[in-house]
């Protein structure tokens with residue numbers, strides 16, 4: 001089956017067909033380019049998606065949950081998927097696009113050459129046929145002229161009026177015309193033979209060769225498209241196993257999620273270590289009548305001495321809020337970068353222990369690293385001392401001293417934090433509960449007094465309380481939150497001597513009818529809080545409150561809630577239960 005034989009007369013159609021075939025090849029190349037662009041864009045968007053959803057630095061603590069860990073694994077697998085799409089795009093560019101471009105260029109050049117040869121062959125044949133046509137017309141004209149000359153000679157020979165010379169002239173003309181006719185006939189026959197030979201060669205040898213060459217080019221193009229389509233599929237297939245492994249990784253990541261484990265980790269993270277509050281004892285009011293009278297007289301005396309004209313406590317009398325519930329002493333530890341105290345005494349007991357254990361583990365790791373660095377420097381120094389050509393041992397001396405200094409500091413820090421942890425382990429958990437302590441502080445229907453300055457001598461809180469007898473209160477409620485938001489006034493002292501009234505007025509909190517304090521900011525409740533005794537107020541999770549006094553180091557913050565009954569409620573809530581936003 002050959003184009004040269006079967007399609008000998010379809011030169012124009014074959015030229016059009018081969019041109020359309022190459023244009024189709026270019027169209028397929030454009031298709032691959034568009035797909036390549038889609039693959040590249042898809043990979044870029046996948047990478048951008050992974051980047052946008054990468055856990056932020058502030059979310060690193062949540063990575064301990066299996067769901068978060070699984071999500072990070074999914075992000076990694078999607079990143080690998082993006083890489084495979086980039087591999088597909090790169091392979092399409094190198095294997096398909098460049099191959100098609102090269103093939104298309106080759107086919108166009110060879111087709112142009114073939115069509116040029118075919119055009120020359122057609123021109124040669126057309127020229128020969130035109131010569132044949134001219135020879136034929138010349139032969140026809142010469143033949144007619146010779147026939148006319150013969151007829152004229154016959155007429156002249158029969159005409160008796162013409163002379164012999166005239167008849168001879170007609171005869172000579174006849175002879176010349178016949179000769180011209182014979183020459184034209186021979187030329188026509190010669191051109192005819194040449195035309196037939198050229199036409200035979202043209203349609204059976206020369207033109208079929210051109211057509212067969214065009215057929216080869218078209219088959220080469222078709223075969224190339226087949227190979228390119230298969231190659232494109234092979235490119236996709238080559239990354240399919242990796243993509244399958246990525247999908248398997250996603251499935252395994254999903255299967256690794258353990259809801260029970262995450263629930264346990266939530267307990268580990270937020271467990272305060274406090275015990276639920278005990279029963280509130282009954283207060284027998286009949287035994288408090290005589291005590292109320294002495295408190296009232298003491299209140300009148302102190303009110304006249306310590307209130308301003310507006311009925312508020314004198315500004316120079318209240319300096320600092322002291323510890324609450326007789327358990328939280330002032331801690332002058334420096335704060336860490338995240339705003340927590342150095343010994344984490346502002347955290348609940350369980351969380352404090354976890355933080356201290358993590359800090360100790362971090363310091364132990366740093367000590368191991370620094371010890372290894374010091375040992376390396378010492379070995380280097382020994383080598384330099386043994387062979388001075390390798391280096392000067394004095395250059396290592398400074399680094400060695402610095403390493404020793406760092407190591408000593410790390411060991412001191414480790415010992416300090418181990419001491420913190422030992423003290424934290426000695427703290428009774430129940431006594432650290434504000435609710436439990438409220439119950440514990442009840443004494444015969446009255447609240448026990450607290451340290452006049454609300455602090456202990458030891459900067460590191462160890463759970464013990466050392467009252468200052470010279471400045472302590474006898475038997476009245478001295479907690480800073482007692483009775484806030486009420487219309488009565490509760491002052492320290494129980495009718496005994498007022499020798500220390502000025503000292504009491506310096507550092508203790510009083511309740512009186514006073515103008516509301518200006519809010520310092522707002523806060524949001526992170527957890528629900530049940531207030532089981534006076535001085536503290538309950539709050540619901542997510543509730544917005546006003547901050548009117550910030551935490552003074554005892555773990556409690558004074559807040560205000562606006563209500564529709566008496567204007568507002570004020571009291572203390574645990575600082576660790578709220579998230580504050582202070583005004584600038």
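Cβ from N, Cα, C; glycine included.
Nobody curates TrEMBL annotations by hand; they come from automatic prediction.
Here's what TrEMBL has on this protein:
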{"type": "DOMAIN", "residues": "1-262", "note": "domain 'F-BAR'"}
{"type": "COILED", "residues": "122-156", "note": "coiled coil"}
{"type": "DOMAIN", "residues": "346-423", "note": "domain 'REM-1'"}
{"type": "COILED", "residues": "353-427", "note": "coiled coil"}
{"type": "REGION", "residues": "427-502", "note": "region 'Disordered'"}
{"type": "COMPBIAS", "residues": "428-458", "note": "compositional bias 'Polar residues'"}
{"type": "COMPBIAS", "residues": "470-484", "note": "compositional bias 'Low complexity'"}
{"type": "DOMAIN", "residues": "518-583", "note": "domain 'SH3'"}
Query raised in the report: Under 8 Å, at least three CB pairs between the domain 'REM-1' (346-423) and the domain 'F-BAR' (1-262) (pairs 6 or more apart)?
Result: no
Report summary line: Confidence over the domain 'SH3' (518-583), expressed as mean pLDDT on the 0 to 100 scale, is 84
Query raised in the report: Reported in the order helix, strand, coil, what are the DSSP residue counts of the domain 'REM-1' (346-423)?
Result: 69 helix, 0 strand, 9 coil
Query - Residue distribution over DSSP helix, strand and coil in the domain 'SH3' (518-583) - result: 3 helix, 33 strand, 30 coil
